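Below: the structure, in structure tokens.
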Amino acid sequence: MTHREQPSLPTDDTLPHCWRLDTVRQTLVLAAFFNNALPCVVYWGARLDADEDLDALAAALTAPIGNNALDEPIDLSICPEIGRGMYGQPGLVVHDAEQRPVLTQFTLGSVGLHGGALVIEAVDRPTGLGYRAVFQTRAHSDIIESHAELSAGETPVTVAWLSAPVMPVSSTASHMLEFAGRWTREFGLREVAFARGVHLRESRRGRTGHDHFPAILFPEPGCTDNAGEVRALHFGFSGAHRLLVECLADGRRQLQAGVPEPAHLASGDVLTSQTTYLGWADAGLSAIGQRYQQHLRHHVVTHTATGWPRPVHYNCWEAVYFDHDIDTLTDLAGRAAALGAERFVLDDGWFGRRDDDTTSLGDWQVDTRKYPHGLAPLIEHVRGLGMRFGLWVEPEMISPDSDLARAHSEWMIAPNGRHQPTARHQQVLDLTAPGAAEYLFTCLDALLTEHEIDYLKWDMNRDLTLAVDGDGRPLLRRQTLAVYALLDRLRARHPRVEIESCASGGGRIDYAILARTQRVWLSDSNDAHERWRMQHDARLFLPSEIMGSHVGPRLCHTSGRRLSMAFRAGTALTGHMGFEMDVRELTEAEQQTLMRYTAFYKRNRQWLHTALDYRLCPGDEGETRAHMSVAADGQRFLLFSATLETPRSESTTPLCLAGLADHARYRVTLWNREDMTAPPTRFHASPLVTPEGLVLSGRALMHSGLRLPIGFPDSLWVVIGERIDLPPFSATA
Ligand code: GLA
């Protein structure tokens, strides 16, 4: 064919077919262009007018066909198919029983809106394979949940890959923002440039991983914290995951997400991709963060009666580690209660013969050497102090040195003839092995039934490696589903018990685990310096009230840093606050400071935990990080600004606020003036630092700003803002 020839394309008068799905501020348009094939997402952005001509919108995006290309356009459908000539990454890879590729050509069966969901059903006639995509909206939310399902026909197939409905990535997005990290340094936000080819983020660890919170953002050029367009995806699955962004040779970019493990489907079986959470916003990173936070609050997490308002925790881990002594623990509990703690969490070391991390996982019976009368006396003591009681467990694990392993070595994931490394001296229990999940349910149910426990810290401290069951079948997906089933069953039996998801800190955080838990242990780092950064960026997807954040020891155990009590306590109160140190080490001054910050947390938590968070842009080179939480009713806010390094400038520059009403007046005061007594600010004449504070309009605060005092590295300013009952400034004055 020469470049002058116009290929003759099959015509169908009724094409393209278009469908739209709207949230409060967002529209998604899908269009099927060709031969009744699967549709493509052709629009994902600001809500379109009700009478927008979708056919014209889609027709305007008809791809021209160049030389040296197939004579038909290859659509980037919600499931780009090898069988339709997709030359990039397919959304589905299937083989038959003889390992022959199945070249699907799905044809649309039905597309319909049901209960706020756009449901697309298609079938590949020769094989009977069924494909179903769901885009689900939820009341008052701008996040769309989507997943794909593949159902087998008459014959069995192996599915090597099934992506959730494939999304286009805007060709004008300037870069990707994603999370990279490690143990004690989770949620490191980083920029990645687009480049031709595939960018792959994958966890094969049987958990989301400290290194890969499964989410990605696509800011448009000029997108800042509080302005500009941005799209995002979070993949809600707590095990292995794959996020893939491909820049195709024809200029298109695609985004896929799924579970990177083959699945065998017998006739009638259905495989689901698991759910993605799609977000769009046009007011910067703060806005998209708010949309995810609000969605999580209203549609994912269910709080328990005793979990709200969010009680201050005392966790004994960094105080005693495995060295449980009832007198010490009762002493710590008393001191913690006096400082303001409301829930005492007994961490690792209470069961089996667990004197260190080499034994006893699986033996979920109280260690009577340490607790001769069981846990009841400690629980009674704790409750007598007015605190509730929480307990650490790590149900999915088994120590080779345990009674459980001696009785049921076949429950351990340790494939025959292969070396399975231990991690922290432990192995993983195969929850799909007959009897294993039942055993765990019985143990946990007994603990929760026999004791007044209203909280479990559910840990998961190692990767799944060589993840196959006793028959050698892949387990990454099924193990995670079995964890969900166990959690669901326990929650149904004990609905009053709150559960925290911990995996050596933030190794397992996603919306599917949060549908079954109410808190995440964001990181094993109690270092407020590291925490400040992590929490700042984790807020893009997680609201404060589910982010466990503890006041750690003066000398941080995971970094060796020494940090002031004001900075430690101030950082903790921006999450779900707790203490985790040997309270006996505290000086009188430290106790006073901790009590002051704890009381402040308690006074404000009710509204803080439903507030909207705004990231602020300090005018420096990254030495400070700041954010504001604005009450849902707009009547008050708190501004937190942390200095993390020696500022490069000799004084501070104005910090512009966000999220306020232009013409309302606000009284702003520096709440922690007392912590300003030392250098580096010798003198600050701003009325901000007086008890009366100053009064300014929202517009002035947002566009002119405030100059805060100069802070030492690792210090924090807390500014209170209250909307005051004065006539608003006139909009025209
Ligand atoms: C993990 C958790 C810690 C602590 C220990 C107990 O490392 O992240 O917070 O509970 O286990 O062994």
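Quick reminder: no glycine exception, Cβ is built from N, Cα and C everywhere.
Checking the candidates C443, C502 against TrEMBL: the one annotated together with W183, D347, D348, R424, K457, W458, D459, M460, N461, D524 at the substrate site is C502. Looking at D459 (active site, nucleophile) and W183 (substrate binding site), their Cα atoms lie 14 Å from each other. Under the DSSP three-state reduction, D459 (active site, nucleophile) is assigned to coil, being neither helix nor strand. Around D524 (active site, proton donor), taking its Cβ as the centre, 22 other Cβ atoms fall within 10 Å, counting all chains. With respect to ligand 1, the recorded positions W183, N461, D524 contribute N461, D524 as residues with a C-beta closer than 6 angstroms to one of its atoms, given in sequence order.
Model confidence over the domain 'Glycosyl hydrolase family 36 N-terminal' (38-258) is summarised by a mean pLDDT of 97.
K457 (substrate binding site) has a Cβ environment of 24 other Cβ atoms inside 10 Å. The DSSP breakdown of the domain 'Glycosyl hydrolase family 36 C-terminal' (626-709), given as helix, strand and coil counts, is 13 helix, 25 strand, 46 coil.
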